[in-house]
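See structure below.
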Amino acid sequence: MIETVTDLSRLRGIVADWRRQGLRVALVPTMGNLHAGHFSLVMLARHYADRVVSSVFVNPTQFGPHEDFRRYPRTPEADMRGLEHVGCDVLWLPSVETMYPLGTERTVRLFVPCVSDVLEGTFRPGHFEGVCTVVARLFNQVLPDVAVFGKKDYQQLVVIRQMVVDLAFPIEILGGCIVRESDGLAMSSRNQYLSMQERPQAAEIHRTLIAMRDAVMSGGVHADVEAEAVRRLEAAGFQVDYAVIRLSDLGEPIDGTVISPGIALVAARLGNTRLIDNLEF
């Protein structure tokens with residue numbers, strides 16, 4: 001049976017007891033409003049660890065001034081039931097005061113240069129600073145052997161991997177595959193913001209990513225592939241932030257070279273909802 005923990009000393013006591021038993025510990029950080037994509041990360045964690053802690057914390061420092069922090073969906077009871085069903089051992093529910101004892105304005109912040117400044121970093125300044133700050137705190141609280149993050153937030157995964165290397169966290173970082181709806185739309189807590197009319201349109205992002213991948217693999221010029229992706233998405237009603245081809249480390253590829261492994265990434269708004277997705281190849 002899952003145990004819900006809100007006290008840091010209690011959490012550390014549980015983890016210390018696991019350590020004394022020689023058990024391997026995994027962490028799955030989330031912001032709640034969990035869906036099948038999140039639960040797949042917990043199931044992946046169970047393959048690599050004996051015990052799994054999942055955190056639910058809507059982190060204020062990773063939201064910009066005009067983003068959806070206050071209206072971000074919070075579903076604690078459903079989250080707990082779902083986590084218990086997939087075998088999570090501890091649900092860690094820290095308060096803002098626990099995560100930021102000096103307040104969010106005075107807190108020490110972490111910044112990963114270069115990879116944090118592009119793509120999402122351009123459109124959401126300060127976002128990855130908030131992500132790294134809260135993830136590092138979760139690492140110090142749980143002291144996991146393994147931490148699992150979803151590949152839908154691919155840039156976040158790259159940023160966290162760099163942070164772990166640079167700060168010498170003794171933690172293995174795993175990326176969980178994107179879980180999709182039947183029409184290809186990547187599962188996301190923000191999908192519920194879509195109207196009934198917008199929901200079918202949203203699947204065009206995945207179809208566009210497939211077209212981008214196929215065009216690149218057929219030798220298409222990257223700039224032309226990206227421009228066609230933007231045109232296609234705009235024709236479907238999206239306001240496009242970016243549609244790009246990158247190397248797996250998010251470096252920019254050189255036209256005419258073989259990209260392997262590579263990735264196509266899209267961020268676009270449909271109505272009031274901002275969606276991100278990617279496709280590795």
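For all residues, glycine too, the Cβ spot is worked out from N, Cα and C.
Not measured: the values here are computed from a predicted model.
According to Swiss-Prot, the protein has these features:
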- His38: active site, proton donor (ACT_SITE)
- 31-38, 150-153, Val179, 187-190: ATP binding site (BINDING)
- Gln62, Gln156: (R)-pantoate binding site (BINDING)
- Gln62: beta-alanine binding site (BINDING)
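Highest local Cβ density among the recorded positions His38, Lys151 belongs to His38, counted as other Cβ atoms within 10 Å over all protein chains shown. Taking CA atoms as the reference points, Leu34 (ATP binding site) and Gln156 ((R)-pantoate binding site) are 18 Å apart. Cβ neighbour count for Val179 (ATP binding site) (all protein chains, 10 Å cutoff from its Cβ): 18. Classification of Ser189 (ATP binding site) by DSSP places it within a helix. Sequence-distant neighbours of Gln156 ((R)-pantoate binding site) (same chain, 6+ apart, CB under 8 A from its CB) are Glu120, Phe128, Val131, Phe149. Non-local neighbourhood of Ser189 (ATP binding site): Met31, Gly32, Asn33, Leu34, His35, Tyr72, Pro73, each in the same chain, at least six residues away, with C-beta under 8 Å from its C-beta.
Cα-Cα distances to the residue listed as 'active site, proton donor' place Val179 within 10 Å, out of the binding-site residues Gln62, Lys151, Val179.
Cα-Cα distance from Gly37 (ATP binding site) to Gln62 ((R)-pantoate binding site): 21 Å (rounded to the nearest whole number).
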